[in-house]
Amino acid sequence: MPKRGRKRKKNRTHTGDVDNALLSAEEAKIPKSLVIRRGKCDPHVSDLVQDIRKVMMPYTASNFKEDANYRKLTLNKYSQHVCLPLGISHMLAFSQNKEKLNLRIGKTPQGPTLTFRVHQFSLAKHVQKLQRRPVNTNTLASNPPIVVTNNFGDATAPPQVKLMRITFQNMFPAINVSNVKLKECRRVVLFHLIEDENDGQRVEVRHYAIKATPVGVNRKVRRLIQTKIPNLNKVQDIADYIAGSGHAATSVDAASDSEAEDNSAVVELAQNYTGRGNRGQSKSALKLVELGPRMAIQLIKVEQGLGEGNIMFHAFVHKTPEEAKEIQESQEKESRLKRERREQQERNVETKRKGKEEKREAKRQRKKEREEAALDELRKKEEEELEDDNEDDADIDDLLAEYTKKDSDAPGRYGGNVDDEEEEANDDSD
């Protein structure tokens, strides 16, 4: 039978090596984070760690199991054994004692490290419990959030404020405005700096979901567009519900038939957005729904390295330039002595290694000389044995030649010649 149907079209599901190389180069630029807790912490702090991991999704280790009781695992060891092999760029470490809860944000592998004190926090479950219609967060973690830093000043801001703003921005992937898709912009992370004369500078951290609702249509029509089935038990036709005649208004729609959104929140979408009715080139009202968690943090100090090094800023300890210079000189002296001791240790190790190598080489040379001497002795013995064999062979040849000559010159049985004996034998026969 003839073959039926058209020829199968082959779809290439794999990319070439060039595409993979470009993709890996782009992925290497994306910041990745690791959120951990160090030491014994309350259950609420463990829940806060999980909520912060959800905020940092999708480029974070969401199921990382740390050994919180093993205090010897410093930030440097985490960076060396975990962050560098996995390409992690930022670490967020929570630690707690009886009086306070601290958050340390470090840039791997060389720092700097910002230490914050967490004054207040609320978990995501507590925030959502107060909401009438909580947002489903399962579908929001596939794309990174938009970072908003508010009230951090301009170029004249203090260095620690600039460092905070840069650190908060670099913890999340940057947005390329030229090729961004609106469907990927689903969340917002807000860092708001508050200046307080009594408490100093505090940063309020909030996490929101972006919700879009189409505008320009009747509220009841919009409910139908969004597949929200209304209560139609008191109307005869769907037209009565839309027109609002009779007893068509329900308890949900009785308040107002107009749009209640603020005009400042109404935007024209350039692309299609998540949700029914949010089409490109149409107007929609944007609304922020808080997801949690909330945090109120204060910058305590800034260290130059990853959990160590010079203290570049401290909120409570202020030193004069002379004291700072003295401390810096002592640290430089200590680091110089440490470097010299390390270099001396490396030289000693190299000297020992060379001594062992020379000793091993001398031993190898002596063994080689012994083997060569033994081989020479064996060769000498073989040559002597060969000469003795040759001499014996020569003596045997001489003896054989001598016996052969004697046999040829020897007389017959009766003392005469052999010819005479043969003649006598012939005569006897006759």
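The backbone N, Cα and C atoms fix where each Cβ goes, and this holds for glycine too.
The compositional bias 'Basic residues' annotation in TrEMBL covers 1-13. Annotated compositional bias 'Basic and acidic residues' per TrEMBL: 322-361, 368-383, in sequence order. The compositional bias 'Acidic residues' feature in TrEMBL is assigned to 384-400, 418-430. Look at TrEMBL and you will find 31-308 tagged as domain 'Brix'. The region 'Disordered' annotation in TrEMBL covers 1-20, 322-430.
Tertiary proximity for the compositional bias 'Basic and acidic residues' (322-361) is limited to same-chain residues at least six positions away from its ends with a CB under 8 Å from its CB atoms, namely 310. Nonlocal intrachain contacts for the compositional bias 'Acidic residues' (384-400), taken as residues 6+ away from its ends with a CB within less than 8 angstroms of a stretch CB, are lacking entirely. With DSSP classes pooled into helix, strand and coil, the tally for the compositional bias 'Acidic residues' (384-400) is 17 helix, 0 strand, 0 coil.
For the domain 'Brix' (31-308), the model gives a mean pLDDT of 82.
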